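Asks: As annotated in TrEMBL:
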| type | residues | note |
| --- | --- | --- |
| TRANSMEM | 42-70 | transmembrane segment |
| DISULFID | Cys199-Cys235 | disulfide bond |
| DOMAIN | 264-402 | domain 'Lysosome-associated membrane glycoprotein 2-like luminal' |
| DISULFID | Cys376-Cys413 | disulfide bond |
| TRANSMEM | 421-444 | transmembrane segment |
| DOMAIN | 423-454 | domain 'Lysosome-associated membrane glycoprotein 2-like transmembrane' |
Amino acid sequence: MTHAEAPNLGFCSAVVGVQWRSFPSSPELFLWCCDSRRHRHLLFGIMVFFRLSPVPGSGLVLLCLVLGAVSSYSLELNLTNSEKNICLYAKWQMNFRIRYETTSKNYKFVTISDLANATYNGSICGDDQNGPKIVVQFGSVFSWVVNFTKDVSTYSIDIISFSYDTSDNTTFPDAKEKGIFTVYNPVAFGIPLNDIFRCSSMSTLEKNDVVQYYWDVHVQAFVQNGTVSTKEFLCDKDKTSTTAVPTVHTTVPSTTMPTPKEKPEVGSYSVNNGNGTCLLATMGLQLNITQEKVVSVINIKPNTTDFTGSCHPQTALLRLNSSNIKYLDFVFVKNENRFYLKEVNVNMSLINGSVFSISNNNLSYWDASLGSSYMCNKEQTVSVSGAFQINTFDLRVQPFNVIEGKYSTAEECSADSDLNFLIPVAVGVALGFLIIVVFISYMIGRRKSRTGYQSV
């Protein structure tokens, strides 16, 4: 194949065996084609360039991944229980990209793709108190943890956490902030028990300054009778759509609207990190869920709702759960000298027995200065997705810098500020009107008093 015959943008050509093949790019990653005159041919692999989404201050980042036999490593773990039976099986490929700020206020990137010497210390099958867990270490600088949970008929990949130590000068030269940083990515989708989860497509998790890439994933937690299942549960990206193209109608389909709900009760929530209260939240919550054109409105009842969470240097998590809500997560982040709500995740059971699960880690609500709290007494709507919105009432939240378990001075939302601005205006208008009435009454009274006298 000559250079002139290379495919158009949107496809990648590479040597597979001894032939050129073309692969359509995914909707999320744009594939740059490898030039055979610039890169040596791969006998059993695929070399591709991925153009990543731009990161503020970084420009465009190009990352060359080698998928196959050259410099790609499959991680594989077979955990066994006390009876030497397999209890957890996992095989997957992954790598990471980390952005960090230097002492000169520039940004550098660290890419972790060589995982050949990974260890699995701390990985467990789980017991009645603790679920299974995969723990992977890459030297002394990086660690990666996956927690699993189980319901009656399903299990979930619950939370993926990744930690890195910027104190290592070899890996992070001139890092401005030294220490261990951890990012948490809630995943939590149900997989039927006795099924093995498979996702050959590339998946991306991005939070704060860390981007994680996964592909060729095979995992089964809670392996039954020591035998890994042959029945696969595919991720959405691997599923082949067989849905017929819908007929386009000129009329808008009707949506069943819910009966209006009363205002929800206001609850108070807090998170402790061992040194005292680190997060405070007071709010009434109303969930609006749309499924198959039917809208459900659910008020959160504080007296039947449990809450937990965690606080970290750059992130804070408040998690609510109840009998029908597996979790409702509010994730806050710092941005220089401010904080805001960055992510909302929900997994809950509906009245019809179905499971509703939505995640969005690209939000921007409840913004306020660090050292203060955010307050909005009027009703607000947090739009998580087209199918899920949260209405808040009498909201006040402070996820960072809580002192002695009390709220700091509040920064009000624009809706409350507008209301407060109208109050003095209304008072001023009323006083002005009163002055005009008094003045007119005075002038009328004065004229009447003058008409009672005759000039001499």
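Just so it is clear, glycine is given a Cβ too, placed from its N, Cα and C backbone atoms.
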Asks: By a simple count, how many Cβ atoms lie within 10 Å of the Cβ of Cys235 (disulfide bond), its own Cβ left out?
Replies: 16
Asks: How many helix, strand and coil residues does the domain 'Lysosome-associated membrane glycoprotein 2-like luminal' (264-402) contain under DSSP?
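Replies: Residue counts for the domain 'Lysosome-associated membrane glycoprotein 2-like luminal' (264-402) by secondary structure: 3 helix, 96 strand, 40 coil.
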Asks: Can you tell which of Cys199, Cys376 has the most other C-beta atoms within 10 Å, given these are the disulfide-bonded residues?
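Replies: Neighbour-count leader: Cys376.
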Asks: Distance between Cys413 (disulfide bond) and Cys199 (disulfide bond) at the Cα atoms, whole Å?
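Replies: With distance taken Cα to Cα, Cys199 (disulfide bond) is 43 Å from Cys413 (disulfide bond).
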Asks: Please report the Cα separation of Cys376 (disulfide bond) and Cys235 (disulfide bond) in Å, rounded to an integer.
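Replies: Approximately 39 Å lies between the Cα of Cys376 (disulfide bond) and that of Cys235 (disulfide bond).
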Asks: Specify the count of other C-beta atoms within 10 Å of the C-beta of Cys413 (disulfide bond).
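Replies: Counting Cβ neighbours of Cys413 (disulfide bond) within 10 Å gives 21.
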